[in-house]
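Below: one structure, written as structure tokens.
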Amino acid sequence: MASTSSVKLIVYALDILCTLLALVLISFGLYVVVSYNLNEIGQLSAYSYVGLGVAALLIVLWGYLSAWRENVCCTVTFIIFLCLVIIAQFAIVYMLVTHDKWMASNLANALEATWEEELNSPGAMSLYQNWFHCCGRGSPQDYIVNERLPPDTCFRNHDKSKPENLIHTGCRVEFENYWLHLNNVFNILALVLIGFELLLSVISCRLCNSIRNDARRSYF
């Protein structure tokens with residue numbers, strides 16, 4: 001029985017780790033959806049992280065209950081479904097990793113609406129320009145072709161007195177790089193989650209055998 005209890009503690013610990021990672025992925029996906037005006041591809045990317053997290057939460061809850069009840073049938077069923085979830089999650093992460101630049105480009109499309117707003121209401125781009133130290137959509141030339149001078153936020157330290165302070169990098173490329181880096185971070189977290197789930201499946205097999213052995217001993 002002591003062996004079974006020890007294995008159960010490991011299962012519970014892995015359940016907690018998977019739950020925390022799943023909540024991080026869900027929070028990130030929902031934050032992106034709520035905070036930015038995304039196109040369909042951008043939404044698909046954000047909801048992919050939500051889907052990864054929700055699938056993990058549901059299967060981990062099942063695994064926790066299986067371990068708590070020490071039910072062999074329930075544990076075996078959990079392991080089978082966990083393996084199916086891992087395969088589906090890996091397919092999603094593979095898509096996110098191999099199409100990371102495409103996903104980042106579509107997520108960065110949220111900036112387009114801000115640029116259109118900037119043309120009608122000067123100052124809308126200030127947040128991006130201060131945040132990424134950039135200027136205009138593609139370059140300061142975007143302001144000039146629209147018969148406007150680059151604003152203070154297009155200059156280093158907002159100092160317009162020196163022409164060399166003008167920032168020549170556009171915000172679109174900086175925003176894409178931001179999403180590319182952010183996606184890479186959360187793709188790694190998703191892979192770590194899958195790794196913990198694989199370990200959980202192995203430990204659950206060990207738990208299943210331990211429960212069976214305890215059941216056999218009880219007959220003697």
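Using N, Cα and C of the backbone, Cβ positions are placed for all residues, glycine too.
All TrEMBL annotations are machine predictions without curation.
Sequence annotations record features per position, and here TrEMBL assigns transmembrane segment to 12-34 (among others).
What TrEMBL records for 46-65 (among others) is transmembrane segment. For the transmembrane segment (46-65), same-chain residues at least 6 beyond its ends with a Cβ under 8 Å from one of its own Cβ atoms are 11-12, 15, 18-19, 21-26, 28-30, 32-33, 38, 74, 78, 81-82, 85, 88-89, 92-93, 95-96, 107, 186, 190, 193, 197, 200, 204.
Below 8 angstroms of C-beta separation, residues 45, 48, 51-52, 55-56, 59, 62-63, 65-66, 103, 183, 187, 190-191, 193-194, 197-198, 200-201, 204-205, 207-208, 211-212, 215 of the same chain, each at least six residues beyond the ends of the transmembrane segment (72-97), sit close to that stretch. Look at TrEMBL and you will find 72-97 (among others) tagged as transmembrane segment.
Long-range Cβ neighbours of CYS134 (disulfide bond) (same chain, at least 6 residues apart, Cβ-Cβ under 8 Å): TYR128, ILE167, THR169, GLY170, CYS171, VAL173, GLU174. Sequence annotations record features per position, and here TrEMBL assigns disulfide bond to CYS134-CYS171 (among others).
Neighbour density for CYS154 (disulfide bond): within 10 A of its CB lie 24 other CB atoms from the protein chains shown. Per TrEMBL, the feature disulfide bond maps to CYS135-CYS154 (among others).
Per TrEMBL, transmembrane segment is recorded for 185-208 (among others). Counting only same-chain residues 6+ beyond the ends of the transmembrane segment (185-208), those with a CB under 8 A from a CB of the stretch are 4, 7-8, 10-11, 14-15, 17-18, 21-22, 24-25, 28, 49, 52, 56, 59-60, 63, 66-67, 72, 75-76, 78-79, 82-83, 85-86, 89-90, 92-93, 96-97, 100.
Long-range Cβ proximity for CYS135 (disulfide bond), meaning a same-chain Cβ under 8 A and a gap of 6 or more residues, is found for GLN129, TYR143, PRO150, THR153, CYS154, LEU166, ILE167, HIS168, THR169, GLY170, CYS171. Other Cβ atoms within 10 Å of the Cβ of CYS171 (disulfide bond) number 29 in total over all chains.
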